[in-house]
Amino acid sequence: MAYLLKGVSILGASPTDLYIADGVISDKPVDGAEVIDAAGLVALPGLVDVHTHLREPGREDAETVDTGSRAAALGGYTAVCAMANTSPVADTAGVVEQVWRLGREAGLVDVQPIGAVTVGLAGKQMAELGAMATSAANVRIFSDDGFCVADPKLMRRALEYVKAFDGVIAQHAEEPRLTEGAQMHEGEVSTRLGLTGWPAVAEEAIIARDVLLAEHVGSRLHVCHVSTAGSVEVLRQAKARGVRVTAEVTPHHLLLTDELAAGYDPVFKVNPPLRTRKDVEALRRALLDGVIDVVATDHAPHAVQDKECEWSYARPGMLGLETALPIVLSVFGPQWDLIADRMSIAPARIAGLDGHGGDLTKAGTPANLTLVDPSVQRVVDPAELASRSRNTPYAGMTLPGRIVATFLRGEATVLDGKAVK
Amino acid sequence: MIKHLRSAADLDADTATLILDTAAEMAALSGREVKKLPALRGRTVVNLFYEDSTRTRISFEAAAKRLSADVINFSAKGSSVSKGESLKDTALTLQAMGADAVVIRHSASGAPHRLANWVEGSVVNAGDGTHEHPTQALLDAYTMRSRLGRLDGLKVAIVGDVLHSRVARSNILLLSTLGARVTVVGPPTLIPLDLTDKAQVSYDLDAVLPDSDVVMMLRVQTERMQDSYFPSAREYSRRYGLDVPRLRKLPEHAIVMHPGPMNRGMEIAPEVADSPRSTIVEQVANGVSVRMAVLYLLLGGK
């Protein structure tokens, strides 16, 4: 199928005609191309999420690779990296290949599995990282996300070991002893609510240690869901010294604060927790100035019963794929080059996903892109989401931007704001 | 009148004072031969207790029965996650049974807030995790007022494990609403880092005692020792326990309170607990009157 995107604005530039044929951007008119009136629409390289929970295998009642892929495509994504904390854990070539195959079958986004760093996420013994790297899933990011690789020796070894196949360790930075029983950000609100605090220093201490370890062994490090102003300063200093560290921030940490816990509605429970206004401001500045490289959703679907309960018993996490771009638009406005870099180009580079985050003005670039109508304001309705779960913290919020179409290697996955399959 | 009592923050000064005044009227009843009022006849009060707390449960039970309410005791021990039905399903069950008020004790902070979303009746927090215990604060305020004649301007020292204490949280809120000045005292490990500006902080009990009208000792669980909050029970007791020499540092009129159950010899010496200064037994009696007042007012008794 060939397409002509008529009058489209590539990254906010003057309207132009964009042809898609044979899976790539074409600089020549193509006969018989389906014409899409793209006047007023902005073309972005397809978004890439380096941090998604698809829950399959194990919790298909919360999300499947198929439903998660649909949510991703509707959110403008063409690739997502599926976290390893499934059941069974994605700590073998067999499991990562299963997830990879399920992603191909769904066919809506490229599903790139992330492998666990340690067997069973238990933090004791290194998983067969090489086997996962050389499997059909071609794993390059390894993470025990949900758990921190807290053992410094094991973290050092993992950082070193993956150099052999240009892998990267994505660390969930949380000092476990400092966060025993933790329920929310430690501060005035946690004291008032009587919920055990998750101190900022528990994140900052691990990031500080890990950048020093990465520097020592000359490895790449990726820091998941940075949430505090102090972490930003640790990263800023490390980057200034030339440490090969990249970092992500979630849409919710760019927008929401710990005050939202006041009603004890666990839809606002997430790990790392929502922080303070001061942290939100620091994270926004860090994304602008590049200390934080990417926006990653940490899309974390949960079944109703895992959220409709007491705060302390609820699972942490929130949906993100379908609202990420609108939130980034609402926070930063139509800074299209920034959005393209932080949500597509840089994440594709970190994940080693060739063909994503390409230059849409160049003929021959794989046609992974999304079309956004920035003029539309939409109210988030949980019932309308494609995810199997409903745990969005944005219900009822009015957010800018509508994803009109998404293309994966030249094939439409979303048209007129609806998934094609 | 407010519908729920989930936190002492639900009470403004007028409402709190109305509850205390109503409690005084209720207390006058207990001197009579027939202690019962028909105020809540035909109304159903459910005691939903996820934690063992015989004293609080029987206090609420006595309060409801003296108002002629039908009382259902629903003991749901064990977490709703590990076994049995969820809080929401229990709430829907109670709703179907026509509960006019649910008194809830739960180990999870905020459980009363969650419950209030799922039942139509009033929710009364009888202690939730490390959050609050508002009726305890009301009975403490009632006790102070009846012993010392006022609350406005009173200097109250709350001593011990403030970090984990729902009694301390509710007392700080309520007492400051009613004009008392609260100082929390304890080892820094047991005082929250970001305490509200409604209370002063001190780490030195001896310095605080001479200028206190009320000293409220909190129960300190010895388990905290294993978690490095303090080195030993002996050291805790030496630095923050209320013994006889420390009792002498208090002004003549000052009273000693404890929400119970006490660790005699740990945070409070037996001689102090049993001294005339101590209001500990009085607090229990006042608890029934205060809870009668709360149920009566929340349920719009007539």
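Going from the start of the chain as shown, residues are counted 1 onward.
Placed from the backbone N, Cα and C atoms, the Cβ positions cover glycine too.
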According to TrEMBL, B:Arg55, B:Thr56, B:His133, B:Gln136, B:Gly260, B:Pro261 bind carbamoyl phosphate; identify which of B:Arg32, B:Arg105, B:Arg234, B:Arg238 is listed for that same site.
B:Arg105
Determine, to the nearest whole angstrom, how far the Cα atom of B:Arg166 (L-aspartate binding site) is from the Cα atom of B:Gly260 (carbamoyl phosphate binding site).
13
Additional residues surrounding carbamoyl phosphate, by Cβ distance to the B:Arg55, B:Thr56, B:Arg105, B:His133, B:Gln136, B:Gly260, B:Pro261 centre under 8 Å:
B:Ser53, B:Ser59, B:Ala126, B:Gly127, B:Pro259
Reduced DSSP state (H/G/I helix, E/B strand, rest coil) at B:Arg105 (carbamoyl phosphate binding site) is strand
Report the mean pLDDT of the predicted model across the domain 'Aspartate/ornithine carbamoyltransferase carbamoyl-P binding' (B:3-145), rounded to a whole number.
92
Record-listed carbamoyl phosphate binders B:Arg55, B:Thr56, B:Arg105, B:His133, B:Gln136, B:Gly260, B:Pro261 have a maximum CA to CA distance, in Å, of 16
Filter the binding-site residues B:Arg55, B:Thr56, B:Gln136, B:Arg166, B:Pro261 down to the ones with a Cβ under 8 Å from chain A's Cβ atoms, keeping sequence order.
B:Arg166
Summarise the domain 'Aspartate/ornithine carbamoyltransferase Asp/Orn-binding' (B:152-298) as counts of helix, strand and coil residues per DSSP.
61 helix, 25 strand, 61 coil
Hey, how far is B:Gly260 (carbamoyl phosphate binding site) from B:Arg219 (L-aspartate binding site), Cα to Cα, in Å?
7
